[in-house]
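What follows is a single structure, written as structure tokens, with notes after it.
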Amino acid sequence: MSDERRLPSSAVGWLACGGLSLLANAWGILSVGAKQKKWKPLEFLLCTLAATHMLNVAVPIATYAVVQLRRQRPDYEWNEGLCKVFVSTFYTLTLATCFSVTSISYHRMWMVRWPVNYRLSNAKKQAVHTVMGIWMVSFILSALPAVGWHDTSERFYTHGCRFIVAEIGLGFGVCFLLLVGGSVAMGMVCTAIALFQTLATQVGHRADRRTFTVPTIVVEDAQGKRRSSIDGSEPARTSLQITGLVATIVVIYDCLMGFPVLVVSFSSLRADASAPWMALCVLWCSVTQALLLPLFLWTCDRYRADLKAVWEKCVALMANDEDSDNETSLEGSISPDMVLERSLDYSYGGDFVALDRMAKYELSALEGGLPQLYPLRPLQEDRMQYLQGAGRHRCGFPGGQPCFSPAGCSQVPPTRRFSHDDADVWAAVPLPTFLPRWSSGEDLAALAHLMLPAGSDRRRGSLLAFAEDAPPFRPRRRSAESLLSLQPSSLDGGPRHAQDSPPGSPRRRPGPGARSASVSLLPDAFALTAFEREPQALRRVPAPAQPFPAARDSAEPAEVPTPPGGRTQRSQGRRAARTHVGPLQSSLSASWGEPGGLHAAGCGSISSFLSSPSESSGYVTLHSDSLGSAS
């Protein structure tokens, strides 16, 4: 009877301590939020524990205290609904508190024992899921007594409100004991591991300064706003403080709530009865632990905030305007110009073309059949410089002195420098579509100036006449009259060398001996479109064939073209390399441009064209063993 009288007298203390606990825990939550720029898993769990304490003292304990004060009147008694609400909320919050403490110890152990895995496993998301699971399990189990899982012989809400587990039912009491006991044991084990690991790390830092640390990784957008980050290793002092805080919370909870609840529950189940001191013990332990948590947070420098910081945090929370939402969104603060300032990669026919980062490109040129990914602004200037300047630098235009300035090579677009000899490109696109892009009349004129001598017997249909009369961008004719066949020089004719020949392609197939200068615009096989009308142009027997003249290595200096009979020295290596093409030289044609054929030239050429009859049609196909050919 004396214990029952103590319940109303203790109600005032519960209300006073409960109000103080509400303010202290609210301050603790604001302090933790003010000291941290972003929510971390451990801080989130600590704030969840503080919120659980606030709910515990605000709802069930305050309700019980008010009812005990009202019971001093003889006409007031507990009703069934109010008792069920009290029992459900009290045990829900008790289990949630127990599980929250265990999850805090587990996350701390995970953080100090496996730091890299903890930071790479999205621990914050797991903490949120843990809290959701804690509240779901706690509410389901604690709501069962209110819906019928209780002792039906004498219900706990019949005479007053007896909320001890033995008064509710054996099944509920056993489940409650197992959950609380397992949670307390797991929390103690995790805390011991975390404390041991932290102390071992402290000793390791003192013994070896090269201890592994996790770096801090921050991901920001183009405007410098943080989008995501991975926290690095904590300082030794901070790590020790946080581990000590977690260990203190676990120990205090086990001493003030875990073990007392286990003892009271086990004693009531064993005696199958409840005593007034059991209710006093459980309620006072709940209020005390709710008061101690803010004090523990205050002792840690990491979570201690002054009044100014807390006030600024409150103002920021109350403002919560659209600007803060844009800062946390993924696309709110990204400028549309950023879309154009990223690296672009395009591929065409197996060739990989990497574009600059800040340049804008004309991508509509891809519709023409070639990957012409040139910069948009200097497109025409670079094109004309290459056709008019690079040719003079590399080929030696008439009227222009040959020079080897690197400007000629630097102005060549990548598609012209690296894709001369792609067989797939030649096979996929018709030949006339390449000529306006891959050659020019001035290139032909320069090549003819080097190859053909200045003789009176040269016809108007020759290559030099074509270069003199034709416009710069005249497309090649596709009939048999447009086939080029250059007559080789005599044996005593001196070879012609071209120092200013274009460089070799990176993927050019190797050839025997020194490489000859090239026509970089002629493919392996010419288009045989109009041969039905003039097949005799290909079957005309030329003059007796002689070995082609060869060009020395490209590294040797160039020589001025000489008339027939000028120089008689000949490279033995080149003579041996050209021996195997002798049988094919007898079938070379001598027609170019005009019907009737072309007289034999008096001087050799630096380009070599091999002709072989086709087994199916009998026509002759010209092949080029030149430096820049498409073979």
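Cβ atoms are placed via backbone N, Cα and C, with glycine included.
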Item to check | Swiss-Prot annotation: VAL218 and PRO276 on one membrane face | outcome: no
Checklist entry - Do at least three CB pairs under 8 A connect the transmembrane segment (12-32) and the transmembrane segment (277-297), leaving out pairs fewer than 6 apart in sequence? => result yes
Next on the checklist: For the topological domain 'Cytoplasmic' (33-41), give me same-chain residues lying six or more residues beyond its boundaries with a C-beta closer than 8 angstroms to one of its C-beta atoms, as numbers and ranges.
Outcome noted: 47, 107, 123-124, 126-127, 229, 231, 302-305, 309-310, 312-313
Item to check | the topological domain 'Extracellular' (265-276): DSSP-derived helix, strand, coil residue counts | outcome: 8 helix, 0 strand, 4 coil
Next on the checklist: What residues elsewhere in the chain lie close to the transmembrane segment (127-147), defined as a C-beta under 8 angstroms and at least 6 residues from its ends?
Outcome noted: 41-42, 44-45, 48, 84-85, 87-93, 95-96, 99-100, 103, 107, 156, 168-169, 172, 175-176, 179
Checklist outcome for this item: Sequence-distant residues near the topological domain 'Extracellular' (63-84) by C-beta distance (under 8 Å, 6 or more away from its ends) are 7-8, 10-12, 14-15, 18, 90, 145-146, 156-157, 160-161, 163, 283
Checklist outcome for this item: For the topological domain 'Cytoplasmic' (106-126), the distant same-chain contacts (Cβ-Cβ under 8 Å, at least six residues beyond its ends) come to 39-42, 44-45, 186-187, 190-191, 193-194, 197-198, 201, 214, 230-231, 233, 239, 242-243, 246
